[in-house]
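As written in Swiss-Prot, here are the features:
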type: ACT_SITE; residues: His348; note: active site, proton acceptor
type: BINDING; residues: Lys24, Gln77, Gly82, Thr83, Gly143, Glu157, Asn172, Asn229, Arg318, Lys336, Tyr351, Asn362; note: UDP-N-acetyl-alpha-D-glucosamine binding site
type: BINDING; residues: Asp107, Asn229; note: Mg(2+) binding site
type: BINDING; residues: Ala365, Asn371, Tyr372, Ser390, Ser408, Arg425; note: acetyl-CoA binding site
type: REGION; residues: 1-231; note: region 'Pyrophosphorylase'
type: REGION; residues: 232-252; note: region 'Linker'
type: REGION; residues: 253-454; note: region 'N-acetyltransferase'
Amino acid sequence: MVRSCLSIVLSAGEGTRMKSPLPKVLHKIAGLPLICHVLKQIELAESSQVAVVVGCGGQEVTHVVQSFVKDVMIFEQKERLGTAHAVLSARFALQKGVDDILIVFGDTPLIQQESLHQMRAQLADGADVVFAGFHTQDPTGYGRLLEKNGQLIAIVEEKDASEEEKKISFCNGGILAMRGKHALSLLEKVDNNNMKKEYYLTDIASLASREGLDVRVVEVPFENIVGINNCLELSRADSLWQKRKARDLMLSGVTLLKPETVYFSYDTEIEPGVVIEPNVYFGLGVKVQSGAVIRAFSYLEGAVVGQDAQIGPYARLRPGTELAKSVKVGNFCEVKQAKVGESSKINHLSYIGDAEIGAHTNIGAGTITCNYDGFNKYKTVIGDHAFVGSNTALVSPLVIGDGSYVASGSVITENIPMNSMAFGRARQVIKEGYATKFRARLLEKNLSENKQKK
């Protein structure tokens, strides 16, 4: 029998240590807001219902969450009175009678579905309450997990821990799972008899233990539950995410020559057999097919790179770029909102924007599509087996037919029929011996000007 599950994401914290007007959970790792990383893993853990508790920046957080997850419930914690109080802000959702309750924090972007599945498995096995825990050589600052006979009996915050308890290296990971039938009753028994006068979610451990409930701990890797409180921790978490992504790609058959220098986005898709050189950036929406080579210092976003294509070095692919099989885009080229056909080449110093290029076409060095008049964008269409010479300006809207040649240095403003040759430049004029006369004239002029100054 499939167990129903309500996941509650706590994201009401003010995040003052981020020192940013942006709500903490909307800061990004790999191009995706922190809270969306959490929501993604919750979905993979087969949550049937999702609730998000918002506070500071609630409207912004709500907008992002609702655009990322369908049918999400939003609740506001109007007063910051602790984590248990935050969960009770979602009382309406807690009353729906689900089998499992998962409670996670919106600033833990490295959480993994496997950990959530493990905690739910403990509930299915008979546990009433399950906390996530982790071992660390330096437990300073973390709540300690106190166990007895294999059961969790309490979570003691460091400021309240005895010297003996401070030696415990098993710490609270911040994720909580409960049977739905116990959730409200336990939460309502949490009091605020502490220095901060707040209602702590961790008190549920001792409350449940005293009631004779089955309280367990699932050990998870520390990196899976890392929380974000400032921009330094954000950077460290991003680095952990990047290492994880690079490892997964290399194990799948992708060659990364210097993985620590490559930056991936959360939705980057790279097929086996791809080779990626150092210092490459993958923005949102990039797909790279097998056999492609992405050379050093290239920047890709919103682009599809076809099989056996070669990109870079120093190439930029912008959103809307679609490169077919064996396309070459070389150094200092920028391609935007353009489709490039099989085996076509854009090898040097070119800008191709709002264009469609056929197969087996060569775009010479310094070619520019002039696609913008200050108000509107216009399209350039170049057929199959065409040749565009170096230092050419293509003023769109423009169609260049199959098999046509464009002479180097041309400014092309009119359509070119197929198998034609177009020249769009002034004829070269040679005046033999004129350079000597020209230099003499310039020298005479300079001497005259110098005399006038004196």
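Here the Cβ of each residue, glycine as well, is placed from N, Cα and C on the backbone.
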Cα-to-Cα gap, Arg425 (acetyl-CoA binding site) vs Arg318 (UDP-N-acetyl-alpha-D-glucosamine binding site), nearest whole Å: 31
Spatial neighbour of Arg318 (UDP-N-acetyl-alpha-D-glucosamine binding site) that is closest, considering only the binding-site residues Asp107, Ala365, Tyr372, Ser408 and their CA atoms: Tyr372
Candidate with the highest Cβ count within 10 Å, taken from the binding-site residues Asn371, Ser390, Ser408: Asn371
10 Å Cα neighbourhood of Ala365 (acetyl-CoA binding site): matching recorded positions from Lys24, Gly143, Asn172, His348: His348
Least buried by Cβ count (within 10 Å) of the binding-site residues Gly82, Gly143: Gly82
Among Asn172, Asn229, the one of these binding-site residues whose Cβ has the fewest neighbouring Cβ atoms within 10 Å: Asn229
Winner by Cβ contact number (other Cβ atoms within 10 Å) across the binding-site residues Lys24, Arg318, Tyr351, Tyr372, Arg425: Lys24
Where Tyr351 (UDP-N-acetyl-alpha-D-glucosamine binding site) sits in the secondary structure, as DSSP reduces it to three classes: strand
Max CA-CA distance, Å, over listed acetyl-CoA-binding residues Ala365, Asn371, Tyr372, Ser390, Ser408, Arg425: 22
